[in-house]
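As recorded in TrEMBL, the features of this protein are as follows:
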- ARG17, ARG66, THR100, LYS160, ARG263, VAL264, ARG265: GTP binding site (BINDING)
- CYS24, CYS28, CYS31: [4Fe-4S] cluster 1 binding site (BINDING)
- TYR30, GLY70, SER124, MET194: S-adenosyl-L-methionine binding site (BINDING)
- CYS258, CYS261, CYS275: [4Fe-4S] cluster 2 binding site (BINDING)
- 8-234: domain 'Radical SAM core' (DOMAIN)
- 310-334: region 'Disordered' (REGION)
Amino acid sequence: MTAPLIDPFARPISYLRVSVTDRCDFRCVYCMSENMTFLPKKELLTLEELDRMCSTFIRLGVEKLRITGGEPLVRKGIMTFFQNMRRHLDSGALKELTLTTNGSQLRKFAGELAECGVRRINVSLDTLDDQKFADVTRWGKLAQVLDGIDAAQAAGLRVKLNAVALKGFNEDELFTLTEFCAARDMDLTWIEVMPMGDLGNEDRLDQYWPLSDLRKRLAERYTLTDLAERSGGPARYVRLEETGQKIGFITPLTHNFCESCNRVRLTCTGELYMCLGQEDMADLRAPLRSSDSDAPLEGAIRAAIGRKPKGHDFDYSRQAVDGQMTRHMSHTGG
Ligand code: SAM
Ligand code: SF4
């Protein structure tokens, strides 16, 4: 049997997040600049190469695959990839196939995703106000996303909303968004804005709404029960007793979650990032393309996991963004 992937801190790596494109039909202000230069096509892993990469990770013990981007559903032919991944669900090697999406293409693809064995999806949505949605996504239309969520639920997909907590932007929608999700039986996870990309440090600090404050405000209206459940990632969960829904908090800046980290991230060009908050990465495309055998790729994956760092260094505490990454979030897929 193939030995599973265990990092130097004895953490088994069972979760792979894969960015399948750097492109997107939105230009969210905290994620991309308005004029992005995207990668030339030849740099991208082909759909066949993505399949080989993911299948190798699955053979090495990855049980959960999250497809992200950029916007994964704008990648041409991506449904073929999902259809092919189904074989790993059917064999039992893969326990979960899921994606994070901005929701714009769900009307078109929700049914097919369900047929491919996708059961749950994350949809990113920060506001329920048309104008604010247009402002934060620059190019997005709220109605299209809401319609996409309807389509996903109608197809039987369980939807969780992810909202980036933005000071002065969606603070006033804390309860509206909570109630919107409760009415549709959706969980909601809040994400602290992270210092990614090169959009300027000041912007980041202005936008930073600590989830400790958000949680306090939520507790003024609801009874919060802490849930022990951890996903191996940065989310912590509470249940709102009044609605029964789960609310998640992703606080990479104020909490240390690294000790239970079980994940790595693959970019659309085949770079493996062992930690979202560190620059170190391994090129897996070269070993993949170097041979028809998966042996060089497998060796490169094992070597990379052997370098997975203990944790990251984001820190806003000194009113300057330390440990800031120059990568855009769309590069590693969040
Ligand atoms: N396009 C898809 C979407 O928006 O869901 C998938 C990719 S997107 C990069 C993944 C997640 O990262 C989204 O929930 C988005 O809100 C979040 N994100 C992007 N930039 C961020 C930042 N600077 N801080 C925190 N979250 C961010
Ligand atoms: Fe696109 Fe998602 Fe980034 Fe928004 S957060 S620009 S939807 S990749």
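Cβ coordinates come from backbone N, Cα and C, glycine included.
Features per TrEMBL, on structure.
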residue: CYS28; record: [4Fe-4S] cluster 1 binding site; DSSP class: coil
residue: ARG66; record: GTP binding site; DSSP class: strand
residue: MET194; record: S-adenosyl-L-methionine binding site; DSSP class: coil
residue: CYS258; record: [4Fe-4S] cluster 2 binding site; DSSP class: helix
residue: VAL264; record: GTP binding site; DSSP class: strand
Distance-selected binding-site residues near ligand 1 (C-beta under 6 Å), from SER124, MET194, VAL264, ARG265: SER124, MET194
Minimum Cα separation from ARG17 (GTP binding site), reported as the residue among binding-site residues CYS24, TYR30, CYS261 that achieves it: CYS261
Binding-site residues close to ligand 2 - of CYS24, CYS28, TYR30, CYS261, VAL264, CYS275, only those whose C-beta is under 6 Å away: CYS24, CYS28
Spatial neighbours of VAL264 (GTP binding site) among the binding-site residues CYS24, CYS28, TYR30, GLY70, SER124, CYS275 [C-alpha, 10 Å]: CYS275
Candidate nearest CYS28 ([4Fe-4S] cluster 1 binding site) in space, where candidates are the binding-site residues THR100, SER124, LYS160, CYS275 and distance is Cα-Cα: SER124
Length of the line joining the Cα atoms of MET194 (S-adenosyl-L-methionine binding site) and CYS31 ([4Fe-4S] cluster 1 binding site), in Å: 9
Euclidean distance between Cα atoms of SER124 (S-adenosyl-L-methionine binding site) and ARG66 (GTP binding site), Å: 14
Integer Cα-Cα distance in angstrom, CYS31 ([4Fe-4S] cluster 1 binding site) to GLY70 (S-adenosyl-L-methionine binding site): 9
Distance from CYS24 ([4Fe-4S] cluster 1 binding site) back to CYS261 ([4Fe-4S] cluster 2 binding site), taken between C-alpha atoms, in Å: 28
Whole-number Å value of the largest CA-CA distance among ARG17, ARG66, THR100, LYS160, ARG263, VAL264, ARG265, listed as GTP-binding: 21
Rounded distance in angstrom between the Cα atoms of LYS160 (GTP binding site) and CYS24 ([4Fe-4S] cluster 1 binding site): 20
Rounded to the nearest Å - Cα separation of CYS24 ([4Fe-4S] cluster 1 binding site) and GLY70 (S-adenosyl-L-methionine binding site): 5
In sequence order, the binding-site residues (TYR30, GLY70, SER124, CYS258, CYS275) whose C-alpha falls within 10 A of ARG265 (GTP binding site): CYS275
Secondary-structure category, per DSSP, in which CYS275 ([4Fe-4S] cluster 2 binding site) falls: coil
Nearest of the binding-site residues (GLY70, THR100, SER124) to CYS258 ([4Fe-4S] cluster 2 binding site) - Cα to Cα: THR100
